Amino acid sequence: MLKIIIPTIMLLPVTLLSPPKLLWTNTTAYSLLIASLSLQWLTPTYHPYKNLTQWTGIDQISSPLLTLSCWLLPLMIMASQNHLQHEPIVRKRIFIMTLITIQPFIILAFSTTELMLFYISFEATLIPTLILITRWGNQPERLSAGIYLLFYTLISSLPLLVAILHLHTQTGTLHLMILKLTHPVLTVSWTGLLSSLALLTAFMVKAPLYGLHLWLPKAHVEAPIAGSMLLAALLLKLGGYGIMRLTMLMTPISNNLHYPFLTLALWGALMTSSICLRQTDLKSLIAYSSVSHMGLVIAASMIQTHWSFSGAMILMISHGLTSSMLFCLANTNYERTHSRILLLTRGLQPLLPLMATWWLLANLTNMALPPTTNLMAELTIMIALFNWSAFTIILTGIATLLTASYTLFMLLMTQRGVLPTHITSIQNSSTREHLLMTLHIIPLLLLILKPELISGIPS
């Protein structure tokens, strides 16, 4: 555990002391080294916990997410190079340091075995994200986006703190492995219902559940590219991970608590997919598609079967890589045309033919085409939900149809059609951008060969 956390923290002096010429090279190379080291966490094991220290331990649910968060740090640093090139060197250092600071907190949140430490690191990820959005965003609206993010997260996570303290007074411990051994209370009480509701609400806002999702499109649209990648790929997964972790601890939840969350999640997947069809803003479209995918994850982790947990796990990993790649592609468009409006960035395929290939690959992955892990995850979730209640197939089926249609709409709008008259000359795509897309798509295509690495099933 420490052999990843300590090098990650030591990245801070590297950014501070690197000479200006080598700043990007050093941080990217060093963080790629950490990312390749973190791949060892994926090795299957028979033990319930690997790398067990006193407060942290890695099991099958957290190891894929941990590897994903280590993998995304070099990618975020690579993606931010272009839009920071005119800033003074001090601001570049501060930007990279903000990205690095959030990393140990995410690693701690995913690997902790103690609920209080989990809560602290869950909340601590908010501060660097807020700095990224409110300082390096593009429009003045970034301040309102930051306020939305702050207040949604804080208001929802105060009940979580109260519920965790209540759990501590009841059982006398917050250690996950001891909590699994406590006897479940068989009577359904108002206290139990309210505490499980409080435990779930914070993660539902973070995940986000439809109805509590209003901060997400705002934050995504205003954030710089690294902020968008961070939000889509890691912070949304904190919500899903928290639901999966804590639903296993709770006494069997009464169905009264299941139904509203499941209904909202599936209905939200359908609603946000149809919102996507009418979007004019590219980043907002990708943000809403994240809401619909995470709706499936929430629905799957609420019914708590082995199949649905495994489907939710695979969907979280593959959605993290896919949406991160889509944000990178949207950002390459934005840096060339300085506009996120779909009407003004049409017909880029003849100008950037190689980028069009990446767009096609990313969009096909996003609409869950075989042989991607997205398809496997969505099928697993749909089968698990259908098994729970046959009625859900209507909602999930329409949502899948809409997902395919808005993805194709996005592809056709950005790559096809007549070139707008105001685009006269455009930069070529650079090797850095192609490497960035390659590092996103290679794990996605390789994981289908051995999906049990990320399926969350103890192998």
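Positions of Cβ are set from backbone N, Cα and C atoms, glycine also.
Because the structure is a prediction, the values reported are computed rather than measured.
Annotated features in TrEMBL:
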type     : residues : note
DOMAIN   : 1-109    : domain 'NADH:ubiquinone oxidoreductase chain 4 N-terminal'
TRANSMEM : 93-110   : transmembrane segment
DOMAIN   : 113-403  : domain 'NADH:quinone oxidoreductase/Mrp antiporter transmembrane'
TRANSMEM : 116-133  : transmembrane segment
TRANSMEM : 145-167  : transmembrane segment
TRANSMEM : 187-205  : transmembrane segment
TRANSMEM : 225-244  : transmembrane segment
TRANSMEM : 256-277  : transmembrane segment
TRANSMEM : 284-303  : transmembrane segment
TRANSMEM : 309-329  : transmembrane segment
TRANSMEM : 341-361  : transmembrane segment
TRANSMEM : 381-414  : transmembrane segment
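Counting residues 6+ beyond its ends, the transmembrane segment (381-414) has Cβ neighbours under 8 Å at 262, 266-267, 269-270, 273-274, 276-277, 279, 282, 285-286, 289, 292, 295-297, 299-300, 303, 305, 307-308, 311-312, 315, 333, 342-343, 345-346, 348, 359-360, 363-364, 366-368 in the same chain. Remote same-chain residues near the transmembrane segment (225-244) are listed as 61-62, 65, 68-69, 72, 75-77, 79-80, 83, 95, 99, 102, 106, 109-110, 118, 122, 125, 129, 132-133, 136-137, 200, 202-208, 216, 219, 283, 286-287, 290, 294, 297-298, 301-302, 309, 312-313, 316, 320-321, 323-324, 327-328, 331, 456 (criterion: CB distance under 8 Å, separation of at least six residues from the stretch ends). Mapped onto DSSP helix, strand and coil, the domain 'NADH:ubiquinone oxidoreductase chain 4 N-terminal' (1-109) counts 81 helix, 3 strand, 25 coil. Between the transmembrane segment (116-133) and the stretches 145-167, 256-277, 309-329, the greatest number of Cβ pairs separated by less than 8 Å involves 145-167.
In the predicted model, the domain 'NADH:ubiquinone oxidoreductase chain 4 N-terminal' (1-109) shows an average pLDDT of 93.
Here the transmembrane segment (284-303) has Cβ contacts under 8 Å with residues 204, 207-210, 213, 216-217, 220-221, 232, 236, 239-240, 243-244, 247, 258, 261-262, 265-266, 268-270, 272-273, 275-276, 309, 311-312, 315-316, 319, 323, 326-327, 330, 340, 342, 366, 378, 381, 384-385, 388, 392, 396, 399, 403, 406-407, 410 of the same chain, all six or more residues outside its ends.
Residues 279-282, 285, 325, 329, 332-333, 410-411, 413-420, 422-423, 426, 428-429, 433-434, 437, 441 of the same chain sit 6 or more residues outside the transmembrane segment (341-361) yet have a Cβ under 8 Å from a Cβ within it. Here the transmembrane segment (256-277) has long-range neighbours at 193, 196-197, 200, 204, 209-211, 213, 285, 288-289, 291-293, 295-296, 298-299, 302-303, 385, 392, 395-396, 398-399, 402-403, 405-406, 409, meaning same-chain residues at least 6 beyond its ends whose C-beta is under 8 angstroms from one of its own.
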